[in-house]
Amino acid sequence: MDDDHKVSNDISLLPDLNFDSSSPFTSIEFDSSICDLLNLETGGDTPNLIPDHNPFFDSFDGLQEEEEDSHFVVEPESPKVYIAPRVMINHQDSFSLDSRNDEYIEDVKILPGSPGGIQDLGLSRLKVPGSPRAFVHPRSSGSPRFVSPTSPVLIDTAAPFESVKEAVSKFGGITDWKAHKIQTIERRKTVDQELEKIQEDMPDYKKQAVVAEEAKHQVVMELERTRNVVEELKLELEKAEKEEQQAKQDSDLAKLRVEEMEQGIAGEVSVAAKSQLEVAKARHLSAVSELGTIREEIEMVSNEYESLLTEKDLAAKKAEDSVLKAKDVEKQMEGLTMEVIATKQLLELAHATHLEAQEKKLDAAMARDQDVYNQEKELKMVEDEIKRFRQDIDAADDVKTKLKTASALQQDLRAEIAAYKDSNMGKRNNSDIQAAVDSARKELEEVISNIEKANSEVKTLKIIVGSLQSELAREKHDLSETRQRNREDTREEKCTEIAKKLQEASREAEEAKSLAIAAREELRKAKEESDEAKTGLSAVERQLMESKKEMEASRASEKLALAAIKALQETEYANKIEDISSSPKSIIISVEEYYELSKQAHEVEEAANRKLAEIVSKIEVAKEEESRILENLEEVSRETAIRKVELKEAMTKVEKARDGKVGMDHELRKWRSDNGNRSPEGGNKENLSKSKSALHQPTTFTFGEQASSSNVTPQASSSNVTPETETKKKKKRFSLLPKVFMFLSRKKSSNK
């Protein structure tokens, strides 16, 4: 299997040998396409794949007659072959200019059957010339060479390749893979460099885009301005065209009138006078229509002015309401600040009390640890003494038993003495008997004194045991008190939690204070905006007054124009009357005077139009300012509403903090009231010191006082106890045991 994946010049032709070893091996025939494929491009001879002398074939020369039974015979009419995978060589460095050196396509057609039995026959491998640097593609699972013998047979009916170039061109052509790989790497590098350049240029392009947007915006604004200017110029052009037409009409009429006057035509016959009258009538009608439109516009402006006045009054009322609300909010904020200050002071007091409680807790813990250590030490000593006392009691019991035995022996001795007296009355002397009796009496007295001493020692030991039992009871009581102190420590931990809650409440109060400060700033801003709105309203009022004055001036100019029109009408009426009467008293106006009058009327009309336009523009500006002021007032009202909501939230937070503070104060008072009668530093220590001091007196040691001191009830007073008295009482507690030792040593010395 390893040879199949290596670069090799050899391809083994493995015929199907899946038959019995006794079957004859007759011949191997190849299709003509194999020979054609193995030819060189120049048409060289077919290479001899089978050597001339092969011992393998020599051994089977006698079996060539049985060609019908052979499995290796391939008929030329219908050759059934397996197509081995083609190996295409494409290394440019192995090519040369000589066309004969082109690579072979190693296409071997294998006879039907599985390549399995070649090892049994020992067939030598057939070699096909190939390139020394051939690259064999890995075989796929679908290759016909790996198909089982039972699979359907594939028949190659395609025409053979005439040359290697044809085969290569059929399968994609010749390419330089090394150069192609280098080109792809270079392309990738160039693409990466271009990407890096693009990424580096991205911010510059973004800046350019922003600048272009700004320039576009400016150009759009300039376009709008130019449009407005163009519209204004169009209006001015229309006015100029109208004036030019009127001037042309006037000049034509003046020329006609001059010609008629030169010709001597006058009165009704003059065409110029008629046309002049018609023009004057048309102008009069246009002026009347313009006056009507101007009146309508003035009425609209006056209505808008009245609406602006009403809106101004409403805005002023809203501003006053906002100012009042701001003042109320300021008052509320002052109250909140006072409450926040008070809560801060209370929190500081609570923090101080918490610190004091922690200090007391630490002192109590230290004292408790010291007491526990001392009590354990004393308990060990007392246990040792109890063991000794028990040994002494056992010794006393032994003495009692010995005394009983001695009394029994005494009775026996007395009986023996009496018997001896009765028996040996006459034998012994009275002096010897008396001496024996005296010695026996002395022994009895010594035994009796020893018994009395033992009894007294037993009594003293019983008393000491009772005192020690009372001491143990007191120690148990002290242990219970220490447990109670531990419980109080848990309470103190609860107090620390309460202090933490107080700190959280103080933090919330500070947050509420900051919110209140922010609300104050917002109110100040609202006041400033309301002041600005007031100044804007005053400016609008001034502009409205100016517009009123301008309207009055326009009305005056309108009156002047009406008076001029009336004068023109009167002159026209007079001319008509003169024409009708044709009297020589008719007034003839010169052309210059007529031009002057018409010019004055035109100027008056233009002035009225200009004033009306100015009034309209000022009214529009006033409307815009009023709308801006109203928008500002609406924003102020919205902000005040938001600040009100924030103030309500701050008030709720402050109320919650106040409730928490009150609850914490209540819990602190309860804890103080619970721990005031039995503080860990005062009452318990005083009880212990009194119980310890009652065990001894500085001069004598009496068990009656010891017994009476065990029944004394301590009085707790945390204020009267000082550390000096506590240390003295601790020192007095150790004076009991040495006196007991002294008493016992005296007894032992007296016994000796």
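Cβ atoms here come from the backbone N, Cα and C positions, even for glycine.
The annotation coiled coil is assigned in Swiss-Prot to 186-557, 596-651. The compositional bias 'Basic and acidic residues' annotation in Swiss-Prot covers 653-675. Annotated compositional bias 'Polar residues' per Swiss-Prot: 690-723, in sequence order. Look at Swiss-Prot and you will find S143 tagged as phosphoserine. Per Swiss-Prot, the feature region 'Disordered' maps to 476-495, 653-733.
Looking only at the coiled coil (596-651), the predicted model's pLDDT averages out at 75. Taking H, G and I as helix, E and B as strand and the rest as coil, DSSP gives the region 'Disordered' (476-495) the counts 20 helix, 0 strand, 0 coil. Under DSSP, the residues of the compositional bias 'Basic and acidic residues' (653-675) split into helix, strand and coil as follows: 23 helix, 0 strand, 0 coil.
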